[in-house]
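Taken from TrEMBL, the feature transmembrane segment applies to 12-31, 43-61, 87-108, 129-152, 221-245, 265-289, 301-323.
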């Protein structure tokens, strides 16, 4: 079987490099050159940039990957350079998952802030001063809840380990189900990943027991995690629609440059939300919901992690390209470099 996780390692390292470079560049521009962005929103831009760097860097430690096998979904760590640390790597993978919820909740909060700045600018003062604790605390709390929910509900137990240690083929007899075992998956996991599943940091979700009854602890992650995700998207959609309507009504009260900037912020938030949704959320739905259905499959589904690893640099690029002041500052920098280069050439010719 093709080892797709090798490509995931390449994407992870590329993502760390590009995310660090692009976000440090964004931080530099925002602090020293951007004048039109100030106050609380400036701090939000800086926090999000630092989060992108931390998110990509943490992936090098967690090395998350996924595999779907029949009615089981496995989220595990490919990290092989931190030895004898199954518990630490399990927590590292959970923190990585919490990072994504933090980022999504932070976007939802930015939509609220931009909406209030349009309809009632005085209310945005609540985000300043001690309000910083609130607008950082909300996405942090969402991320922590998601992380703890994953640690509790996905912790492997005897049944989930046995399910992956053996292929369970149900033979129906009169009034009962008799499992017949083979070692297919254990051999496949070791063959593909070169790892022993019993000593690998892992979360296993098997929503059905041997008698087809629900395993509610595993299902609680799908329900609780789904509620956290949909709550953020509800806030984003509600504020997005309200912002669109308010922009038509309220922008006449702003100056032309401020009006243009408000539209750019709105477009940037929309695109920045769509990017992780298309790269991760939508592709992840069949992977997360697959165990609920009676599919027979044995698939390396960790490609979604590779897509998510390139999200932070894309997010930064989108923001810089949409907000015109960043484009202007970058353009002026290259123009100055070009003029300096031209003058150096003229001096060389004269000499």
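Note: Cβ is positioned from N, Cα and C throughout, glycine not excepted.
Sequence-distant contacts of the transmembrane segment (87-108), counting only residues of its own chain at least 6 positions beyond either end whose CB sits under 8 Å from a CB of the stretch, comprise 44, 47-48, 51-52, 54-55, 58-59, 61-62, 64, 75-77, 79, 138-140, 142-148, 150-151, 155, 201-203, 228-229, 232-233, 235-236, 239, 269, 272-273, 276, 280, 308.
Counting Cβ pairs closer than 8 Å and at least 6 residues apart in sequence, the transmembrane segment (43-61) and the transmembrane segment (265-289) reach fewer than three and form no contact. Long-range contacts of the transmembrane segment (221-245) within its own chain (CB-CB distance under 8 A, at least 6 residues past either end) are made by residues 101, 104-105, 107-108, 111-112, 114-115, 118-119, 142, 145-146, 149-150, 153-154, 205, 207, 266, 269-270, 273, 281, 288-289, 292.
Here the transmembrane segment (265-289) has Cβ contacts under 8 Å with residues 41, 66, 68, 73, 100, 103-104, 107, 110-111, 114, 222, 229, 236, 240, 243-244, 247, 301, 303-304, 307-308, 310-311, 314-315, 318-319, 322-323 of the same chain, all six or more residues outside its ends. Counting residues 6+ beyond its ends, the transmembrane segment (301-323) has Cβ neighbours under 8 Å at 4-5, 7-8, 11-12, 14-16, 18-19, 21-23, 25-26, 29, 37, 45, 48-49, 52-53, 55-56, 59, 64-68, 100, 261, 264-265, 267-268, 271-272, 275-276, 279-280, 283-284, 287, 330 in the same chain.
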